[in-house]
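Visitor: These came from TrEMBL, pasted as-is:
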BINDING   A:His84, A:Asp95, A:His194  Zn(2+) 1 binding site
BINDING   A:Asp95, A:Glu130, A:His386  Zn(2+) 2 binding site
DOMAIN    A:213-316  domain 'Peptidase M20 dimerisation'
Protein chains: 2
Amino acid sequence: MSTMPEVNPARLLTSIADFAAIGATPAGGVNRQALSVEDRTARRLLAERAFARGFTVFQDEAANLFLRRDGRDATLPPLLIGSHLDSQPTGGRYDGALGTLSAFEVLEALADAGVETDRAIEVVAFTNEEGSRFSPGCMGSMAFAGAGNLSDWRRARATDGALLADELAATLQALPEARMRPIGHAISAFVELHIEQGPVLEREDVPIGVVTAVQGTKWLEIAFSGEAAHAGTTPLEFRKDPMGAAAAAIARIQGDIMPADPAARLTVGRITAEPGSINVIPSRVSFTVDIRHPDAAALAAMDRRVREECEAAGARWGCETAIELRVDMAPGRFAPEVTAAIEETCRALAIRSRPMVSGAFHDALFVGRVAPAAMIFVPCRNGISHNEAEFVSDAHIIAGARILLGVALRLSAA
Amino acid sequence: MSTMPEVNPARLLTSIADFAAIGATPAGGVNRQALSVEDRTARRLLAERAFARGFTVFQDEAANLFLRRDGRDATLPPLLIGSHLDSQPTGGRYDGALGTLSAFEVLEALADAGVETDRAIEVVAFTNEEGSRFSPGCMGSMAFAGAGNLSDWRRARATDGALLADELAATLQALPEARMRPIGHAISAFVELHIEQGPVLEREDVPIGVVTAVQGTKWLEIAFSGEAAHAGTTPLEFRKDPMGAAAAAIARIQGDIMPADPAARLTVGRITAEPGSINVIPSRVSFTVDIRHPDAAALAAMDRRVREECEAAGARWGCETAIELRVDMAPGRFAPEVTAAIEETCRALAIRSRPMVSGAFHDALFVGRVAPAAMIFVPCRNGISHNEAEFVSDAHIIAGARILLGVALRLSAA
């Protein structure tokens, strides 16, 4: 005997407040870094709530945490929903936690209503998404998807000196009631609810973003080397001015690339001139370029364009140009069947949505390599994230959880 | 009974070596900062050599040092030749000393030859040209020309804590044999020999520069304030990017101003982006602009153009633009009758010369406000100065001194 399942707003908001208390900072944020004592406390609280509802709790060797509500057919791979529980050192209470706790609310709502789904639904909290204590971020989801090498990462040291292998083992041991399972078990699909971490939904007053892709990212470091000389006594024809080269190159790439392609992102966040005196032509100017695009070919073209403009500007100003690629992350395109399920749910519930591309990495990027995946974004105030001031309105929290529940119902059907 | 006066190359080169030993640094340069013990030692050595030749030694309240060889008519104002003896903390052995010691060689050559000039000729070593220990530089020549306020400067403290008033008094007292004279006595003209401190003469293989003007200089500090935001999640239309504004403004002013006007100099020597993260759009970018021009109206036009381009770029990128003027030094134009005397001497001695503008300040800039003045430049290797590696060839030293002698003969005639 089942009724129509409904999200319980009070329970979800209380749950978010409960978890925000674990690692709470005086400024209202959260310091719950991956595999820390606070992270273990949060994992235990979630596991205990799962046990209380009769769900099964699993861990894998990357300490990814799974909370399973069985379905009608145990032979079908489960639907996976969730996000992560770790935070930045001065993080907000919604980044990661909102998606994990909304997914757990979906399980509870289904249990409350006595709904039996065809497939099992599993809630996941992936390990170390933030990467602030141990590098790289998205470690748990990468290991789950067979990307990257957990054996190598085990030797990583935290800034506080802790060894990843030790912290992983201690985290797993802190939850002995959980069953160990092999990493990377089959799933039917993955849906991750997350805050947007950008300004678009709020400014357009749209409560739900249907995330169709995650941008690819490349980080370049450019250095022009010229010749330091006296600002007053050196005529133009004797100058080898790396500042001239840098300004020309940055102006060209910033002036052209984003205006020509709304999906492109290009940021110069850091620049340094040496020796850095008012009346000395610099000997060296270096800067960073962060380029992102949802399309791999377009991202490669941006990379070529940046290199060409820099080489040309360096040559024009008589400088040597050095370009290094620091980060190279391919774009991910989410599964149309999953984004379609999200859009249909929005229509069915009469909640406005818009398709969008994620500018930041997420666990779903990696899980999407082994299973159909997509994400649901909700607005956050002023686009602020990775910051104790991070804020999501109650209405948007509830709307997001309702969409996730609807999607879970659709995708757990055989 | 007189003969044709001639510079004594061995004596001049020995003199330069003698003075380079006072405050000598291990790397072959000189640390003889204004009013230091080393500066006093150098002044005493020069004064003793003057006494030995029967010249008269004067000091004024700014501790400017004068060595006078009388002329035929004591009622005529003397011709002034010379430069300064103080150095940068890691300075070279030629900056200042070359002009002062070449001027003293002129007096000795005239005395050797028994030449009686119509006017007296005085050699000057102006106090604190470099400004590295006490600010401002060109203090002695400014005081001599009635520019600036010596009473205010007396309260200045050196980086080592010494009070300028005390160091001035101690320096004057260290040479009690010198006569005190009122500051700013009448002179007929001033000629300063100096190293170019730039690359032009050496690269064009011209031994003498006839300096017709000193550029005016303005130092501007520009700051664009925008809004820090996530590099990946912030579309162009939401960006208030001060790096975009800075690069556009710098590219415009560097791309246009110097190519359009060979006399213009524009340098961006310092730039900073905050917070300075690869994946964060900066909240603030600030940079310096050093502009120079020999013509006051052209310098003012450059200043306006820089401000306009910065305001426009700031507005285009949604940033606030702040512009501050840090230094404002008017250009100086040297006296045609003095530059003509230098050119005629070069022709008479068959030494190649070219007219040029000084990119750096010099004492002659200020003395030129109260008397006809000009400068003679000689090449220095690679344009390097304010550096222990500063170097001038013997041939260029001798050529410079010969020109100074010829000019002194012309300008000391009634």
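The backbone N, Cα and C atoms fix where each Cβ goes, glycine too.
Each of these features: where is it, how hidden is it, and who are its neighbours?
Guide: According to its DSSP assignment, A:His194 (Zn(2+) 1 binding site) is in a strand.
Classification of A:His386 (Zn(2+) 2 binding site) by DSSP places it in coil, neither helical nor stranded. Within the same chain, residues at least 6 positions away in sequence whose Cβ sits under 8 Å from that of A:His386 (Zn(2+) 2 binding site) are A:Gln88, A:Thr90, A:Gly91, A:Gly92, A:Asp95, A:Gln197.
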Visitor: Near A:Glu130 (Zn(2+) 2 binding site), which residues of its own chain have a C-beta under 8 A away, given they sit six or more steps off in sequence?
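Guide: When sequence neighbours closer than 6 are ignored, A:Glu130 (Zn(2+) 2 binding site) has A:Gln33, A:Ala34, A:His84, A:Asp86, A:Ser87, A:Gln88, A:Gly91, A:Asp95, A:Gly96, A:Gly137 within Cβ distance under 8 Å.
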Visitor: Taking the Cβ of A:His194 (Zn(2+) 1 binding site) as the reference point, list residues of the same chain whose Cβ is under 8 angstroms away and which are at least six residues distant in sequence.
Guide: A:Ser83, A:Asp95, A:Gly96, A:Leu98, A:Gly99, A:His362, A:Met375, A:Ile376, A:Phe377, A:Val378
Visitor: Based on DSSP, name the secondary structure state of A:Asp95 (Zn(2+) 1 binding site): helix, strand or coil.
Guide: coil
Visitor: Provide the three-state secondary structure of A:Glu130 (Zn(2+) 2 binding site) computed with DSSP.
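Guide: SS state of A:Glu130 (Zn(2+) 2 binding site) = coil.
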Visitor: What are the DSSP helix/strand/coil residue counts across the domain 'Peptidase M20 dimerisation' (A:213-316)?
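Guide: Helix, strand, coil within the domain 'Peptidase M20 dimerisation' (A:213-316): 43 helix, 33 strand, 28 coil.
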Visitor: Cβ within 8 Å of the Zn(2+) 2 site's Cβ centroid: which residues qualify beyond A:Asp95, A:Glu130, A:His386?
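Guide: Going along the sequence, the neighbours appear as A:Ser87, A:Gln88, A:Gly91, A:Gly92, A:Gly96, A:Glu129, A:Ser132, A:Ser385.
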